[in-house]
Each structure stands twice: as structure tokens, then as C-alpha cells.
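Annotated in TrEMBL:
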DOMAIN    3-106  domain 'Replication protein A 70 kDa DNA-binding subunit B/D first OB fold'
Amino acid sequence: MSFNGIRDLESEKQLWSGHCRVSRAWLGVNVTTDKVLHFDLILMDAKGNDIWVHIPPVLQEHFKRLLQEQQVYTIRNFELHTTQLKYRPIANTYIMSFSRKNTVEHVPDVPSIPAFKFNFLKASEMASKLNDVVVLSGSGTTYVLKPKPTLFYRGDVVKVIIWGRVVAYFDKLIKPGDDEQVILVVTAVSVKPFLGELCFNSSGSTVLYPNLDIPEVKAFTTRYRIQLDVESNSVLATFIIFEYEAKRFFGVSGNDLFNRTGQNN
């Protein structure tokens with residue numbers, strides 16, 4: 001049975017067919033042993049609706065050869081199931097099941113299908129997600145604190161504790177002494193208490209996406225360069241501060257300062 005959009009998928013007793021973009025693809029691993037446990041996908045339709053595909057180990061290599069992230073495919077003969085797993089990367093009730101009877105056909109790109117979709121969480125919402133069954137996504141500017149890699153939200157300071165393969169990839173992205181700004185989307189994190197505070201905690205399915213071309217990332221890169229001239233005993237010193245520092249020092253954002261200056265001119 002064909003479908004026009006993911007929202008049409010509602011029966012567990014049908015074989016379905018349709019085309020979607022592979023928005024995300026990753027290997028789920030055991031963070032302790034580094035053993036690959038499963039291959040997972042997030043498929044998305046033209047309306048921005050998404051569904052999780054959980055591929056068992058026996059079929060991993062087969063579908064890894066057929067499916068690549070960000071490509072669009074027509075997928076036939078798949079089944080739906082209500083997921084009973086404790087953690088899931090999106091809030092969809094159903095999970096898509098693949099088997100050897102599935103056929104996958106690559107099609108030309110469909111620009112109307114979005115590239116990415118994330119369930120971003122604000123720092124103020126963390127307490128409500130403690131031990132939630134839906135795995136969340138976070139986004140923030142990165143800072144390196146050794147020896148434990150930690151990520152922070154810009155403005156809202158929130159620890160993101162990362163483990164296993166994610167640490168190695170993080171170290172490749174963030175070089176000590178590198179001043180280039182990196183905005184990361186951190187996927188598949190859970191909210192857990194750590195040393196008396198709530199933190200984001202990476203999982204075996206966590207992936208880091210640097211500098212994506214999405215509105216949430218662009219919002220982090222909108223910065224204001226503020227020049228301060230400080231004079232003392234006839235000595236003039238010039239300081240340059242940016243958005244986050246301005247908010248800390250003056251209690252207002254760079255955008256607010258800019259607007260106030262414009263009104264006074």
C-alpha cells in the first residue's frame with residue numbers, strides 16, 4: 001500500500017511503499033564495549049514528518065550499502081510496529097521495520113523534503129525530561145574543558161557529557177587553540193543527574209553535526225561586535241567584546257544595545 005506522507009502510516013497490518021529522505025543515519029553502539037548493536041535511520045517526508053527505522057544487526061551491511069544520509073529513496077514492502085523500546089530518537093508512535101523483502105530505489109533529490117529535523121530542548125525544560133523515553137537533541141557553541149570533554153549551550157550553560165566514539169570525533173572537530181566557532185547539534189542525548197545537577201548525557205546513538213545550515217544554528221552565529229574605548233590617566237585602551245560577553249557584563253544582549261544606540265542617534 002502506498003502513502004503520500006508519513007502521517008498516513010497508521011496500520012501495522014499492511015506492507016507500505018513510498019519515498020522519503022534519509023535525514024539521519026547512524027550506528028548504535030555499546031558505549032562500554034564499542035560493539036555495534038544496530039543501524040538506525042530517520043526518514044522524512046515533504047511535510048517534515050519523520051519516522052525511525054531500526055535495522056537489526058543481521059541486515060546492517062545490506063542496508064548500509066543501499067542507503068546514504070541525505071539521499072532520497074523509494075522504499076517498498078516495509079512494515080510498521082509500535083515501539084516498545086525504552087529510548088527512541090523521535091516522538092513518532094511507530095517504528096519502521098526492514099527485512100530482506102524490502103526494495104530500495106534511489107531517486108533524484110526532492111528539494112521539498114527537508115534535510116534535517118531535530119527535537120531541540122531548552123535548558124529550562126530539562127527537569128521535565130528527566131528519564132523521559134524520547135531521546136532529545138541539543139545545540140550549542142562548543143568549548144573544550146580538559147580532561148573531560150563538555151559542551152555548553154550559548155547563554156544557557158548546560159553540561160553535555162560525552163562518551164566513547166563521540167569523544168574521539170569531538171577531538172577531531174575541536175582543536176586546542178583553534179578560534180573558529182563551531183556550532184554543534186548533539187543528537188540522541190538523555191537528561192540525567194550528575195554531581196547534583198541535570199546534564200545532557202550522550203548515548204550509543206549520539207552523533208555530532210557541526211555547523212548545519214538550519215535556522216537554529218544560524219541563530220547562534222548572529223553575533224554583534226562591540227568596541228569599548230576605556231580611558232584612564234590619558235591612556236586609551238580599546239576592547240572588543242561579543243554577544244555573549246555583552247550580556248554577561250551589561251545585562252542586555254548585543255541586539256538590545258544595537259537597538260538602543262539606533263534610537264539615540
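Glycine residues also receive a Cβ, built from the backbone N, Cα and C atoms like all the rest.
Model, not experiment: these values are computed from the prediction.
Taken together, the residues of the domain 'Replication protein A 70 kDa DNA-binding subunit B/D first OB fold' (3-106) have an average pLDDT of 81. DSSP labels the residues of the domain 'Replication protein A 70 kDa DNA-binding subunit B/D first OB fold' (3-106) in these numbers: 13 helix, 49 strand, 42 coil.
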